[in-house]
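J.: Sharing a structure here in structure tokens format.
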Ligand code: FES
């Protein structure tokens, strides 16, 4: 951690400290200030702030979350901005963004790695002490040589020292090259937890998890937490998982979801010639066909490719009338 700066919240008397190597978003959340955000990765645009005074460096100048016109108007993405002097910023605050557990930057050790599907591995990192998070949240992994951190969701049930990530091997990907070269015992700086799309343990409603591709981890953590919660012994979990081919599919047994309270719905979008007897098409279509009962009596947790999340979101909010406060997701682009 280097030199620090003071960030003033324009129009108020509030300030918060920000280390020179921290982002405006990270520093605000560490100070308990709820800047609206989703991906913390420069993609969604939710964390736009007006830079009223001061100067920042951008970790990723070409971030898709900020249009050139907004940049010219003095707007910046809080998740990509590191101050180079004291600043004043104006931004949208959300009560839900005030973190239950403020994110911290800590070093974790890779304990183990195991394959989940043909191109997704589970990475098990351990901290030196307990590292709380809420099911469904993600963390930023600072990988050597990359200009900005990469976001990955925890898949395990919170509690203890371990954060387990399910990470897709992306051919030619910079993060893939570094992560899949790690060996047990290697150290990585991890910043987290982030996300407001976390499991609501106090809800009496059944849980519906809808995931596609590498969106598996956060909803798996939610499902596992729902099943582990003794106060919800009578609640059900509906788990929809969309994969492209049979080789990409997972089983409830492999995920620790073989439980009579879980209804598992695997869906293949490209089943051709593989003898697949199950659901085919897009995962939102399967959800539309298969989820029984009154939809507003459920909480929905979504994760996956942006078109999938958007299709499910529209189905829930526009077609099925599910209240927006029962639908949880982060948009990653
Ligand atoms: Fe900053 Fe998504 S662009 S939170």
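Here the Cβ of each residue, glycine as well, is placed from N, Cα and C on the backbone.
Automated prediction, rather than curation, is the source of TrEMBL annotations.
According to TrEMBL, the protein has these features:
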type: DOMAIN; residues: 5-95; note: domain '2Fe-2S ferredoxin-type'
type: DOMAIN; residues: 103-200; note: domain 'FAD-binding FR-type'
J.: As a quick check of your reading of DSSP, tell me how many residues in the domain '2Fe-2S ferredoxin-type' (5-95) are helical, how many are strand and how many are coil.
T.: 16 helix, 32 strand, 43 coil
J.: With DSSP, how much of the domain 'FAD-binding FR-type' (103-200) is helix, how much strand and how much coil, in residues?
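T.: Each residue of the domain 'FAD-binding FR-type' (103-200) counted once, the result is 6 helix, 44 strand, 48 coil.
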J.: Could you pull the average pLDDT for the domain '2Fe-2S ferredoxin-type' (5-95)?
T.: 95
